[in-house]
Amino acid sequence: MLNGLTRVSTSSELESILDIVQSSGEIAVVFTSPSIGDLETIASETQRRQLRIAGIPRGGYTILPAIPLYDDELLQMCERYTAANEYEKAEMRNSLYMREYPLFAYSMRHQRALFHPADYVSRILQFCSYYVQAPDADVLSLQDRSPFLHISPIKEICTQLRLIARGTPVAASDSESPVPEQLRLHAESDVEKLAAERATAMSIAASSGGASETEQLSLFSGVAPSALFQKDAVEEVNKDAEDTMEDLTGEETVDAVHSFQAEYLTLDGFELVTKASIFYDREGEGQCIVAVYIPGGVPEDTCRAAAAVLEPAATKKNLRAPTNGGLPPDTGIVGYYDYLTNPTQHKCRETEFSRRNWGLLAQSEPLLKHLDKLYSQLAPMHHHLQRVAIPSQYQLCGTVFSTITVNRNFRTAVHTDRGDFRSGLGVLSVINGEFEGCHLAIKRLKKAFQLKVGDVLLFDTSLEHGNTEVVNPEIHWQRTSVVCYLRTGLMSSVCEMERRKHLNRLILEQLLNTEVRNTTVNINGADSSLPPLFVPTRLASHLAPVQLAALGFIVERTEKQSGCVVAMTMGLGKTLVALTLCFSQLYLAPQADILILTPKPIISHWVDEKNKWGMHGLHFPHFVASDGLNSLEFEQQLLEYERQKNNEKPKSGHIFVINGEYLAGFLRRFKRFTPLVMIVDEGHRVAAKGNKLTESLDRLRCNLRIVLSGTPLQNDASELYRLVGWVNKGVSRVLPPKRFQELANDINQFVEGDDGAFYNAVVAQEYIQDWMRGFVFREMENDLPPLHDYLLICGSSDVQREYEEKLGLTETAMTALKATEHRPHHLSTHPACYLAFISDSYQSMVSGWTVRALSNTSRQRVSQLEEIDTMRLEQYVQLVENEQLDAFIDLSGKMRVLVDIVLRVQARKEKLIVFSLYVGSQDLIHRTLTALRVCTFTVRGRDSQDRRRRAMQEFSENKDLIVLVLSTKIAAYGLDFTAANHVVLFDSWWNPQVDAQAIARAYRRNQRKPVTVYRLISATENKFVLRSQTRKIALFKCILHERTSRQALPDELEDCAANEKDEERRNFWAKLKMTSLAGDTRALLNVYRYQESVRESE
């Protein structure tokens, strides 16, 4: 007995009947009897086999096969089928045989199917089509004759589509005999009983560690609101949240002061501007507005009405003393602010003054509207970009302003405004007072602007500015001014996620005590100011908070006809974000086309993700991918699209996933191709100068350009500038390339070790971050398990040192050599690898560990070797053939360290990936580990997508497969190897993002264990790679992580082997340091934490 339920024994006769239904696809009618069993027995066994049961005919039950489609799939098919003509219906029926049915395969895993699931689906579609168009009299009689009308979801789908088609629900006619009451109750009670039993079974399974909550949910029984989103994707609110929210008045930081002592300006040296004027930055390329002066721009009565409600916001509780000679001035913040550095629950919200005075603030709306109109007329490009960037939730009175700084009797010292949107302008106006002087002076322009009540100044708040002296200050003077602007912190990923959680809570409150039965849900539906964002209901709970936030960020930009960059750390699920966006766009515009451009190796990853999430409702009628696995099917899909473009068939939306090499040919074939959205995966490729790919994409008329990249900045800051400029062409018109390069140079100077450039680097860093925030969604952090990342400096054997000296691998020589022909890399792998590479006999050596007869060309290369070298090469082969593996391994520090790491991982029954850039190194590693009887698999750049897919599956499922050896630059993209929690970078590339991509194969979503990364660095060539990497990482942190960083100096790196907190790992480092190579050199010289190679400055 379990919760009042008992296991009912099943008769052999009932089992035979159910076997026939399950294997043949035919229906069967049964009646309760001693040989069959009672209703409970029939219902229990039918449910166990996932078959369906209907309460007809009278006194009996009809058993039907399991429906081989998800509810939303079936609904979509029925919708299309009932609306199609006879020719289109025939095509749809034929297409049913070309698709896969994962639900059917699962339900038949213990049975041999004697029918095709397409036959059953075709019957359902035909019935639904007839039902939708049938006369009422026929519909009523169908209740007695069709079991389809007694099982979900077919009965709900038929009823819904008939209601849509005819506009009236099905009702009993007086002229027709009603459905017998006893039969109606009989059928309904069966459905209710089965539903209740199913829910009870789910509860039991859950309590006993059965299927997960999301697996148990189905639209058959509806989705409970509590299960619609992940728990951490919904805002937590205390009952007394309104009263307990922290008062952070005065905690706002809006100034950047440039000196320790306040600098006050006088009118001396400045030209006083009293007439309407526009000023441009002529130092840049083209004309970029930096200031617009409008005397009398706002009526005085409008100003004074606003002053009456805004002036009380200005108090002495603030952090602006440095711009007021050391004493707090009267100032305050109205509207919204981003309290990102405060330890508060709500980071992005209205200020305390605003929260308590929203009703009164309506009196300032005419002022804000007036300033907004002037802004749009006189600086239209800045205004447009600010309109695109501002989240609708933070718009004050529908303007492009999120925040107002109110100053009362405040003569500011020289400063710049911190946190303002740099693609926009600040709008300053004096709204009350009686005074003389106190002009606003901008040092760079050498202009001072006379500001009286009603005067307006639009200006670049990143320029140093301050007020001149007050005339006759001994006489009582009053002056109230406001600066209206957009706070960029409100567009941060923190604020986006916070806002998303708030919206999710509102949605759940609206759905309280109901079930979500629709196949899709508009997750923006709780806020009418937001564009719709439709997500499959079953998918919503699989979207992490950061993914939901990214989606919200994207659709707000696309609604305003702007693109954006989605910069998320590798492994956070950018592909799912993009596919969900495609679903929403096609839901709203079913005939639109979408282009996804991605590197060829990643196309199969997109297909796999589409198939994976299709099981959760993410379906696309036409998903055309050129993955090379089925070129015939790809061509057929293109021909189908061609017929639609030529109006030979009705148009339906397509998603094209193609690689850059095929793009030109695709566009030649479809000259009128105009996608609604263009998504570029690994989008940093469009940032390269003179890129032909970018030229091809620019020929497409598409404003909605979405760039996906975990590494939007690869080598220098100018890449990011070109990237943002590509998704929104207007950006370069407000920040000329020359000005951006000046900022980037300031950062580079500090990154490369000039501590004297720190201040300029901070200023440049903040400017670039504020400039890009409206167009770049950044989430560089994650909630994954811990990552332990180490630099292991490996020693060299005596043979390696000998060849290093022969090659002249000193530091100065290495700089000139630049790894010519990769010889230093082969030498650091193993002397055998180096000698074989030189002699061109390597392929034979690694294949059979024997030396073959050399060709004439090879003999010429062998002439580079001395006789001792040839003897050594043969000796190394003999070591392996004689199974003297330790002697062979001890000839290389990196190989010795790698082997010991592998054996440690194997002993822990864990898995490891080894990444290497070079084929020779990959092969030698594979052969060495195989000789040690470590089960190893290798995936090279030349391997097919199918082999890579099989490797992923084998690595995940085969417990004996311990090590994967992968090509860094090819296999590092589009693969998920979270079965491994150890990663070895056997060699490193000049671009650190290549290594980061490799690590992300294991350190990504779905990883449940801490991940350890071992970066093997030789004492020769890899030092220079490391220096290049750390410079670029420091730059990356400055720009995207908002951390002012620089390369660590050699004497700043501290060996962490002795103070390693993990005892087992500490002992392992000690063992490696005691291990000797050939020639009595230590295998491991130093251990450093990789993150310490870049130093962050406070």
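Here the Cβ of each residue, glycine as well, is placed from N, Cα and C on the backbone.
Note that this is a predicted model, so its numbers are computed, not measured.
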Please state which member of His346, His465, His476, His502 Swiss-Prot lists alongside His415, Asp417 for binding Fe cation.
His465
Stretch carrying motif 'DEAH box' according to Swiss-Prot (options 281-284, 681-684, 821-824, 1005-1008):
681-684
List the Cα distance (Å, whole number) between Met568 (ATP binding site) and Asp417 (Fe cation binding site).
28
Within 10 angstroms of the C-beta of Lys574 (ATP binding site), what count of other C-beta atoms is obtained when all protein chains are considered?
24
What is the three-state DSSP composition of the motif 'DEAH box' (681-684), stated as helix, strand and coil residue counts?
2 helix, 1 strand, 1 coil
Take the mean position of the Cβ atoms of His415, Asp417, His465, the recorded Fe cation site. Which other residues of that chain put their Cβ within 8 Å of it?
Asp255, Ala256, Thr323, Thr412, Val414, Thr416, Thr461, Leu463, Glu464, Gly466
Rank the binding-site residues Met568, Met570 by the number of other Cβ atoms within 10 Å of each Cβ and report the first-ranked residue.
Met568
Distance from His465 (Fe cation binding site) back to Met570 (ATP binding site), taken between C-alpha atoms, in Å:
41
Could you give the mean pLDDT over the domain 'Helicase ATP-binding' (555-730), rounded to a whole number?
85
The number of other Cβ atoms within 10 Å of the Cβ of Gly573 (ATP binding site), counted over all protein chains shown, is 20
Whole-number Å distance separating the Cα atoms of Arg479 (2-oxoglutarate binding site) and Lys574 (ATP binding site) is 51
Could you tell me the C-alpha distance between Leu572 (ATP binding site) and His465 (Fe cation binding site) in angstrom, no decimals?
42
Measuring CB to CB from Asp417 (Fe cation binding site), give everything in the same chain under 8 Å that is also at least six residues away in sequence.
Val254, Asp255, Ala256, Gly426, Thr461, Ser462, Val483, Tyr485
Between the C-alpha atoms of Thr575 (ATP binding site) and His415 (Fe cation binding site), the distance in angstrom, to the nearest integer, is 43
